[in-house]
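Participant: My structure is below; once you've seen it, I'll send some questions.
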Amino acid sequence: MRALGLPARVPVSALAAVPETPAPASEYTWAVRMTQANEVWDLDGDGTLDTGAPNGTGITVCVIDSGIDPNHPELKVAYAGGKDFIDDDDNPEDKDAKGEWGGGHGTHVAGTILAQLGSGGEVDPNDPNVSTRGMVGMAPGARLLVARVLDERGDGRTSDVIAALKWCGEQKVNIVSLSLGSSTPDPVEEETFQALWDQGILSVAASGNSGQSSPYTPMYPAAYSTVIAVGAVDAEMKHAPYSQGGEHLSLVAPGSNVFSTYPRGRSPFANLVAGGTFYKSRSLDYVPFEEYEGTLVDCGLGASMRSCLGASATCSGFVAYVDRGDIRFNDKVKNVRSQGARAVIIGNNDPADDDALGFTLGTAAQWPPVTAVPTTTAQILRGQFGKTVRVGIRGGDYAYNSGTSMATPHVAGVAALVWSVNPEKLTNADVRRILESTAKDLVDPEAADSREGKDPVFGHGLVQAGDAVKAALAAAKK
């Protein structure tokens, strides 16, 4: 059993779980808009929740995952308690035995479901696609419980999942969200999901990420009949190649490059200032959260231990500028560091890669702060040699992840919106029927077996919050 994404309390008032702070509409990510969630609770687009609109109020979602950062500004109001089935305590933080944070999988999932409007944390100023106020989840008025069953590496045991399911049932939750899975079914686990269904609880799970090698191999618990199996699409509503399908697939939702919450201060981003001007840049993998200010020195390609030029290249420290090319990034950094560099800027030489700059140092080590800049910035910095530059790596509160793990909470959140229309009258069967009957039918010519109507690639289609809530309102009047 593992995660499927790349990295008893007093009930709280549902109204109190929704901040009144106006927020910019840019908090609405492409995934929020694609699923119509913002059309449900902010129809006029003014960045505030519409009075009386369904927003998840009265619905409790239990996230069974790797734990959570319960003090994240987007989550702390909705968080109502949890249990750790790995450490056997009531603190489901995503930490190992030494207190070090894990991969943030559960925190990311929880944010997609119910991150709060206008409660943002620290964001990457280099990212033009996000709001300085963070993001908002599908159902910002819902209540959150968390069961930790995955360790800091994303691995877990089916026995812990079963125990967590029973615990969620005891808490009388409405929805259980599981962004995890195994290729092996378990009869006891299946019986437990059946018991939850009979209790009136709706379970949602990820279909799996082995779509390229095993496109229709079932993953569990998603393939159980009492569970809504969720696959993934990208920002163009196309089938995500990694997303597993099959006849059991129910729905699809955004799963590629999904922006959501992450343990506070654990998502690195770069801060580069040269000549008093801020420049957009991208931190490399495995770099430390540090900042250094010094003279910018031309180190060419950084191809040797004598590559840095000028009187400022001394052991007392400087900022090394190196061009991309010829040798690996980690070798460049090692070479300039041996000459005294205490921070490194890598200038890109390929405009085609400027949007990604997904450079890496390969392995964890005692690296200095290292950041990469696009070709246009590289040209500017070459004219700044001898001037003071500040390079810093800071920790943000959000991250991008991909996988059916990221698609699953979109469906769980929309289910919460639908159910909040009338929590007393609507049943789990009603909510599932509404979600599937109002889904947007998708056809991808590039995906084998994709066709009109329900198919093994998209199931019933893309979950649509606006259409589903309209159907729920109509059903509630009957």
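Note: Cβ is positioned from N, Cα and C throughout, glycine not excepted.
Dumping what TrEMBL says about this protein:
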type: DOMAIN; residues: 56-263; note: domain 'Peptidase S8/S53'
type: ACT_SITE; residues: ASP65; note: active site, charge relay system
type: ACT_SITE; residues: HIS105; note: active site, charge relay system
type: DOMAIN; residues: 310-379; note: domain 'PA'
type: DOMAIN; residues: 391-450; note: domain 'Peptidase S8/S53'
type: ACT_SITE; residues: SER405; note: active site, charge relay system
Participant: Over the span of the domain 'PA' (310-379), count residues by DSSP class, listing helix, strand and coil in order.
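Facilitator: Counts, helix then strand then coil: 17 helix, 18 strand, 35 coil.
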Participant: Can you count helix, strand and coil residues in the domain 'Peptidase S8/S53' (391-450) using DSSP?
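Facilitator: Breakdown, helix to coil: 26 helix, 12 strand, 22 coil.
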Participant: Around the C-beta of ASP65 (active site, charge relay system), how many further C-beta atoms are within 10 angstroms, looking at every protein chain?
Facilitator: 31
Participant: Looking only at Cβ atoms, how many others are within 10 Å of the one on SER405 (active site, charge relay system)?
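Facilitator: The Cβ of SER405 (active site, charge relay system) has 34 Cβ neighbours within 10 Å.
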Participant: Specify the count of other C-beta atoms within 10 Å of the C-beta of HIS105 (active site, charge relay system).
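Facilitator: A count of 30.
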Participant: Round to the nearest Å and give the CA-to-CA distance linking HIS105 (active site, charge relay system) with ASP65 (active site, charge relay system).
Facilitator: 7
Participant: When the pLDDT values for the domain 'Peptidase S8/S53' (391-450) are averaged, what is the result?
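Facilitator: A mean pLDDT of 95 is what the predicted model shows over the domain 'Peptidase S8/S53' (391-450).
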